[in-house]
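Asker: First, the structure itself, so that you have it in front of you.
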Amino acid sequence: MSEPHLLIDAGNSRIKWALADARRSLVDTGAFGHTRDGGADPDWSHLPRPRGAWISNVAGADVAARLDALLDARWPGLPRTTIRSRPVQCGVTNGYTTPEQLGSDRWAGLIGAHAAFPGEHLLIATFGTATTLEALRADGRFTGGLIAPGWALMMRALGTHTAQLPTLTTDIASGLLAGAQAEPFQIDTPRSLSAGCLYAQAGLIERAWRDLVAAWQAPVRLVLAGGAADDVARALTVAHTRHDALILSGLALIATDTAAPATAQD
């Protein structure tokens, strides 16, 4: 039996990981928080030694150092590759003027989406600290994207930079809006703030989707991923598909596509 690939998606909010088998199926998955947020280390004691680790890290050098320490503690000398965006990989062509400027998480997500929905035009909306939108043609050409503050960041900015507005988390906002989204306008400040920022997310996505359909003169599947996808989905008025493993699935494809790392660092 071939060794699995360890896949790590280090985002700004949390770190997800998975083991992928020879068929690129995610056979074991988990997540853990950042040290700054009190996140405990993952329990990898039950995992077999992987062939190597393929990492997408958009969370900075401190997180990279923590991941190195975790990997060395569990599997000393384990080969690892920190992925970066390329001009072309796994059937996807990078349309950025400077391809390497595209975030590695977005690149892996594009590769995962192209494989998950072959032959379809896609608009991929991913909800994290930032909300990102990617336009991906059926032939694998990434033609560009948009980046906006995420739902939580929008609400936190209002709470931090105003004197009278509360600072709300997505958990609080989601609870406030439970059963209230049928009403187009809210009648207290916390719900008004929660709904206003949520509708800003939905409005951005629907506008981008309609513009893309008009520009391409073809059907476009809207794909949602990320932590706030359920809440934003309830505010949308257009058809959409949920997929929460695009980045890890893309990393599995990248791991298969690339040769085994030759050294412990890349």
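Any Cβ shown, glycine's included, is placed from N, Cα and C.
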Asker: For the ATP site that Swiss-Prot describes with D9, A10, G11, N12, S13, R14, I15, K16, which of these is also annotated: T98, T126, T129, T131?
Answerer: T129
Asker: Taking only the binding-site residues Y96, G103, S104, D105, R106, which one has a CA atom nearest to the CA atom of S13 (ATP binding site)?
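Answerer: Out of the listed candidates, the nearest Cα belongs to D105.
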Asker: G11, Y96: which of these binding-site residues has the sparsest Cβ neighbourhood within 10 Å?
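Answerer: Sparsest of the binding-site residues G11, Y96 by Cβ contacts within 10 Å: Y96.
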Asker: With the cut-off set at 10 Å between Cβ atoms, which of these binding-site residues ends up with the most neighbours? Options: T129, T189.
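Answerer: That would be T129, with the highest Cβ count within 10 Å.
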